[in-house]
Amino acid sequence: MATSIPTNNPLHTETSSQKNYGFALTSLTLLFFMWGFITCLNDILIPHLKNVFQLNYTQSMLIQFCFFGAYFIVSLPAGQLVKRISYKRGIVVGLIVAAIGCALFIPAASYRVYALFLGALFVLASGVTILQVAANPYVTILGKPETAASRLTLTQAFNSLGTTVAPVFGAVLILSAATDATVNAEADAVRFPYLLLALAFTVLAIIFAILKPPDVQEDEPALSDKKEGSAWQYRHLVLGAIGIFVYVGAEVSVGSFLVNFLSDPTVAGLSETDAAHHVAYFWGGAMVGRFIGSAAMRYIDDGKALAFNAFVAIILLFITVATTGHIAMWSVLAIGLFNSIMFPTIFSLALHGLGSHTSQGSGILCLAIVGGAIVPLIQGALADAIGIHLAFLMPIICYAYIAFYGLIGSKS
């Protein structure tokens, strides 16, 4: 397989060829689980707060805009912060900020002001952004460069596990706790789960501060001896940022429309409850695919694997648009399986050979996650104009670009 980060990459840990980084990777895997969990918990928070504050759909979607807006605003400063204080300290800072964000849900519930919930969510998402900027590249250098994409894919598999578990957690601790008819009780339902999350983030921050996982050295030349300038001078990074933008946009778009799509009488005609249960196959497929990919991609070219999965996703979307019934239903749900390796592979390919610019490059890539807020809006406009069925043509454009990046754009 193609090496995502070359053997002469200036990013390295002390005696990296001799050390076993299993415990450090295990700790990092917990972080991936946590931010996947937090992100998917928004799917429960949106309908819950919509009912509490009697919001319309546009107002309730401010939850997602605040979350992804944090990526857009915080990513680049986070990259500079991580470069200045190290990956490990960046992780600790991210955990503390995320813990503060979770804790802010308690006064937000007490005062029952929607804007306070949005502010708390923004702080929480800012912490998650710092974690992503620090942890993603950290995983790529904890071990052999040749298996960087494989390691990142494995940790992303646990991110998918978090997205699978979060709705169950939210349904039990938020929605079931809000069965009381009063608004006060419904608002208070978020206190306990977010208090638990604040404590979890705090414990993880203490663990990372005490255990002191190996620090990364960034003291050798980057690719092509580009010691000056910035990460923006690397073509494959810029194209990779576009890849992250369209990938996250496509994933969020498909996932966001699944319940309505599967409830459509011309597709599966499921009730919304049954449709929601079927959505688990979409996220579960991503989780399974990442576990498989973490092993398989040790032996497969990263770019070719990315392009193959993108082409299959395109085929599945064409089938989704062209058919109805169970064929359309299972075609769109199967996309989750082929989404599995895309984010970690694009991320790893884009950071190839950035050397001392890697932390800044990671910030740029995390900045591109704002695609999760923009692409769904475009698909939503299409759904209003031409119907939800034909609106699934939009993600095809995204996956076509991802295929291009895997075959051509990722070449440095």
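Each position is counted from 1, following the chain as shown.
Glycine is treated like the rest: Cβ placed from N, Cα and C.
As the structure is a computational prediction, the values presented were derived from the model and not from experiment.
Here's what Swiss-Prot has on this protein:
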type: TRANSMEM; residues: 21-41; note: transmembrane segment
type: TRANSMEM; residues: 62-82; note: transmembrane segment
type: TRANSMEM; residues: 90-110; note: transmembrane segment
type: TRANSMEM; residues: 113-133; note: transmembrane segment
type: TRANSMEM; residues: 158-178; note: transmembrane segment
type: TRANSMEM; residues: 192-212; note: transmembrane segment
type: TRANSMEM; residues: 239-259; note: transmembrane segment
type: TRANSMEM; residues: 310-330; note: transmembrane segment
type: TRANSMEM; residues: 331-351; note: transmembrane segment
type: TRANSMEM; residues: 363-383; note: transmembrane segment
type: TRANSMEM; residues: 388-408; note: transmembrane segment
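In summary, the transmembrane segment (192-212) does not lie against the transmembrane segment (62-82): fewer than three C-beta pairs, each 6 or more positions apart in sequence, are under 8 Å. Of the recorded ranges 62-82, 113-133, 239-259, the transmembrane segment (363-383) has the largest number of C-beta contacts under 8 angstroms with 239-259. In summary, the transmembrane segment (21-41) does not lie against the transmembrane segment (388-408): fewer than three C-beta pairs, each 6 or more positions apart in sequence, are under 8 Å. Sequence-distant contacts of the transmembrane segment (388-408) (same chain, at least 6 residues past either end, Cβ-Cβ under 8 Å): 239-240, 242-243, 246-247, 249-250, 253-254, 257, 260-261, 264, 266-267, 302-308, 310-311, 313-314, 317-318, 320-321, 328, 332, 342, 345-346, 349, 375, 378-380, 382. Long-range contacts of the transmembrane segment (239-259) within the same chain: residues 272, 275-276, 278-279, 282-283, 313, 332-333, 335, 339, 342-343, 346-347, 349-351, 364-376, 379, 383, 388, 391-392, 394-395, 397-399, 401-402, 405, 409-410, each at least 6 residues beyond the stretch ends and with a Cβ under 8 Å from a Cβ of the stretch.
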